């Protein structure tokens, strides 16, 4: 890999040396430093950059003559900013296939398409045009013993040699090729056979599919009749199913009471404990360091790094149930698991109970996971408009149907499983406080979630035998509450008092039927071991989920386990980035496409990493996640570079690790930094 720049010392006052640990530091209050405004990070004055000089009257006049700046996609009428993501971002230009080396040929194999292949088969010409390698050692070859990218690898000199004018892609001595060998230490890949079955609708699901078919027929009939008297012409069974799955309108905050009247609870038909199933071992969340599912940035290389720094439980990025059932390769890639992830879950978003039944059955049968997490807190507009994510919290009956269907699907999938683990994966749910900050509703859902069970309503009648029974005791394994509403997204502070109120909402029984206590996980704004301990102090929570805190400080699990503030040096932080790059090249590939993808995800992560303020620069500890730092100097050139919030500086850091960027490269982060409190 490219050689990093040397860490030069800045001419700033001496402080604690990098790498020292500060222990037993009292938790700072919002006004712990006199004269500091609320929401402003308490950085020592010696490190603050000078404020820009006030503009003169002449400058103001010149600016007035200049044309107005073009507004970006976040601007709205009235000057308000959109929250969330940058919609129009530059993408990498596609290369001409004729300029790329055919993958089988590059790895030393023959191409099945021969002369009709659209990629180049001229190895000599390609090697002459190929840019200089990035390093002496190939991450893929080191991890597996064989690099599938061969001559196209950006580290080809580690495993490619030229003998008698012929390039050969070498294999490590003792390397044995096995099915899935190119995955290395990763599992949960979408196989060719499974893809065909799902796309051709020939997969033998044990759960019902008629509910969705009736719904589609009903909608088609209504369209044909232009909505006139459609109800009278629909079969009674289809009409009932249609009522249970009416589309959710979520452009504005729906009324919960109205939603409840539009749908009815699924009739639960639990039976006695089945002796055919193995004993299920629920995931232990007690004081475990749980890394939240993080869209885009919570990828497999990042999770590997978090395991390296001390995380106990990891969860994949949110995947859409519909896309998984359609066998979309990009969606299935979100389910990949590394062998280091000893306790691993996948997060699914869906809006229909039968859909969730099938996808959970599919996951239990075809993947190696410990639990499935249903995302009922996603605030993204496109997800909520589909009736999933936070929109489910506005329709409690449908929410319970989705959970019941998921429990049923996991049990059906376990019954059909023929290999791998035999224990039924657990089910967890993730909520927000509600749709609106002023009307929290999560506490009302907690007792209902305690009592939900698998249901025979979702089981295909063709598989039901005389002794077929579902578990009577299986419930959700954990409930997670993020202390913000859907409309808040990530602004303001997380409401931990309300999270504790949700913990207290659990009941011992309903209608004289005992209810098991469900493990409870809280989430929001945890950036230090003190905050982690503080939230667990009253004993109501089992653990806290780490989200943005882990992105800003990937060494946070180490701090929590060792109960200290780690004044990590810039060079130590760069070492973590080197590990991420190595993991990324193993996962996304060591060819030019894999290098570009690794760089993109590294840069996306940099939009969070730059928010970390070194311990030695703070007047009061701990750093608060919503405190905005004034521009400051680091204790070295590298530390100053890492503190920059400019994308051009993030690109410079990526070039230290992955070499120069391609010509015309541009980067705009996907996620906006709108979490700081405005004053």
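Any Cβ shown, glycine's included, is placed from N, Cα and C.
Database features, via TrEMBL:
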COMPBIAS  7-27  compositional bias 'Polar residues'
COMPBIAS  62-78  compositional bias 'Basic and acidic residues'
COMPBIAS  79-88  compositional bias 'Basic residues'
COMPBIAS  222-234  compositional bias 'Basic and acidic residues'
COMPBIAS  255-270  compositional bias 'Basic and acidic residues'
DOMAIN    96-124  domain 'C3H1-type'
DOMAIN    137-162  domain 'C3H1-type'
REGION    1-92  region 'Disordered'
REGION    205-279  region 'Disordered'
ZN_FING   96-124  zinc finger
ZN_FING   137-162  zinc finger
According to DSSP, how is the domain 'C3H1-type' (137-162) divided among helix, strand and coil residues?
12 helix, 4 strand, 10 coil
Confidence summary for the zinc finger (96-124), mean pLDDT rounded:
89
Using DSSP, what's the helix, strand and coil tally for the zinc finger (96-124)?
12 helix, 2 strand, 15 coil
